[in-house]
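Undergrad: Quick one: the structure is below, and I'll ask about it shortly.
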Amino acid sequence: MEFVAGEYDIVVVGAGHAGCEAALACARLGLKTIVFAINLDSIGNMPCNPSIGGTGKGHLVREIDALGGEMGKAADATAIQVRILNRAKGPAVYSLRAQCDRARYKLYMKRVLESQPNLDIRQGEVCDILVEDGKVTGVKLTTGAIFRAKAVVLATGTFLGGRIIIGETVYDGGPDGMHPAKYLTESLKKLGIEMMRFKTGTPARVHRRSLDFSKMQIQLGDEVITPFSFEHETLEIEQVPCYLTYTTEETHRIIRENLHRAPLFTGLIQGVGPRYCPSIEDKVVRFADKPRHQVFIEPMGRDTEEMYVQGMSSSLPEDVQIKMYRSVIGLENVQIMRPAYAIEYDCINPLQLEATLQFKKIKGLFSAGQINGTSGYEEAAAQGIIAGINAAMYVKGKEMLVLDRSQAYIGVLIDDLVTKGTNEPYRIMTSRAEYRLILRQDNADLRLTEIGYRIGLISQERYEKFLKKKKMIEDEIERLKKTVIAPSDKVNKFLIEHGSSPISTGVKLSELLKRPELSYEALREIDPQRPDLPRSVKEEVEIEIKYEGYIKKQLQQIEQFKKLENKKIPEWVDYNQISGLSTEAKQKLSQIRPASIGQASRISGVSPADISVLLIWLEQAKKGSK
């Protein structure tokens, strides 16, 4: 029997990484919010790799933190190993990654949600989204309970129509043994929402005592730990090692001999899998010339003996999995605790969303995370905080937040989804960002804290601390540009010792710092007036000065980008009536309805000639309206 069980400003459906950020953002902005989880023990769960960050993903986590989100703090609180990746490649692509304690991460996030004012947490399965006159009005649970709301955020992860596949064994299921959300897909279809079917997979979890670490390479964390959250200057933790090993020719033989039983190749799996996280059977087929593949053995936490076998996700039958894992170096006697599996799930075509993550056709309905066709905890959380902020702004009748491609990786991620769409699980990568020298992980606070403060997610105390840091950076850069180092025996001895050319006339410290062989830390020896600064400030100063020329060039490119972004296209435009546009452009522009000429230019199938036609039409339309 149906009954009204509660009235809220905002309902969030799902309490994974997207749902947690969305719910917290809404509640912290003063909106009465309720978040539903199929199982309260799944809040903040990591059903795959127990890690946060990585290439491109670390940038997202720091941006979430700069806006006032929780993921960075949760990762810092539960990290068991921290490393910065890509150190050899330069600061634009430095990426922070933390191995986290999976159980403690979930507990941390659940506790944060439970203690958050304005936020209720409820176990239950949402089966229906209620809509009247093109506006969302609430949700219905399988029990018949109705929760009225002014806005709803969908953050269902991989639960929608979830189907678990292990070889020939197939059953309905969600991640980590949870039951799936069986009914919501039909509700979304009835609302005219176009659905897609994707697939992802996860490797086996194995018992620590069954592994021979003496045959593997130990991988330690960084000696000096960089935290994810800008609220933490340092992080002191006892780190746990990870291990690197390899598959063998025997591994590949076992896989090849059992491809006739691999669901990926028998047609049992219909969903499209992630290109950048292929299963081991996919890797063996696609890269047949490779004699071995890397395998990382990673602990699941401090209080468990479970180890995660990264690089070997699979949907092969369990009997094949046992042979396959035991053929890996150091895993000869491995004891599998949880078998690898693939999961198929329903998601939406993200082209149905505005850049605010609100559905174009249903006001007040927002969507975030894997339901939007992405893969990864960080991508989900990034969408979650934006969907949460915008659901709150929608309810308050205020302007919604859209970050563009020059402001944040979050902007790149969302723009890619709503402009280009995706036909496979989308993951962020540094190569997707045109302005990556500006969008570094170290300066995420400088880029986004002002926005977080203006919205209301950054406290006054944190904002003042941020302004103090910003001033320290500006003052030190100015000091280095004004301080002239005169030539002397001591100075030239120092320069020669560091493989640098001696000087014969006075040189500014900033110019010396631009020399690739000289670091900010090394220059302390000939810089007696140097102030004592926090590590994060020193890092920022060094990057800003060393890459000043490149940064200026990229800022000029951003100016050109902004010009096209600022040429807005009215919502009422009928593209079919614009002569000169190609048929494909008319179809794509009508479907996506870009907000600006800049966005239109990024749509696949819209040519530079089509953009010229659009620009001329806009000018004529302007003149005609005057």
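These residue numbers are counts, starting from 1, taken along the chain as shown.
Even glycines carry a Cβ here, placed using N, Cα and C.
Sharing the feature lines straight out of Swiss-Prot:
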BINDING   Gly14, Ala15, Gly16, His17, Ala18, Gly19  FAD binding site
BINDING   273-287  NAD(+) binding site
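Describe the structural surroundings of these features, if you would.
TA: Look at Gly14 (FAD binding site): DSSP puts it in coil.
Cβ neighbour count for Glu281 (NAD(+) binding site): 27 (other Cβ atoms within 10 Å of its Cβ, all protein chains included).
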Undergrad: Given His17 (FAD binding site) and Cys277 (NAD(+) binding site), what distance in Å do their CA atoms have, once rounded to a whole number?
TA: 19
Undergrad: Please report the Cα separation of Ala18 (FAD binding site) and Arg275 (NAD(+) binding site) in Å, rounded to an integer.
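TA: Pair distance, Cα basis, whole Å: 22 Å.
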Undergrad: Select the closest residue to Lys283 (NAD(+) binding site) from the following binding-site residues, measuring between CA atoms: Ala15, Gly16, Gly19.
TA: Gly16
Undergrad: Given the FAD site residues Gly14, Ala15, Gly16, His17, Ala18, Gly19, which other residues of that chain have a Cβ within 8 Å of the mean position of their Cβ atoms, reported in sequence order?
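TA: After dropping the recorded site residues, what remains is Val12, Cys20, Glu21, Ala22, Ala37, Ile43, Gly44, Ala155, Thr156, Gly157, Ala368, Gly369, Ala380, Gly384.
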Undergrad: Restricting the comparison to the binding-site residues Gly273, Val285, Phe287, which residue's C-alpha is spatially nearest the C-alpha of Gly14 (FAD binding site)?
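TA: Checked the binding-site residues Gly273, Val285, Phe287; minimum Cα distance to Gly14 (FAD binding site) goes to Gly273.
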Undergrad: Gly16 (FAD binding site): which of the binding-site residues Gly273, Val285, Phe287 is the nearest Cα neighbour?
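TA: For Gly16 (FAD binding site), the closest Cα among Gly273, Val285, Phe287 is found at Gly273.
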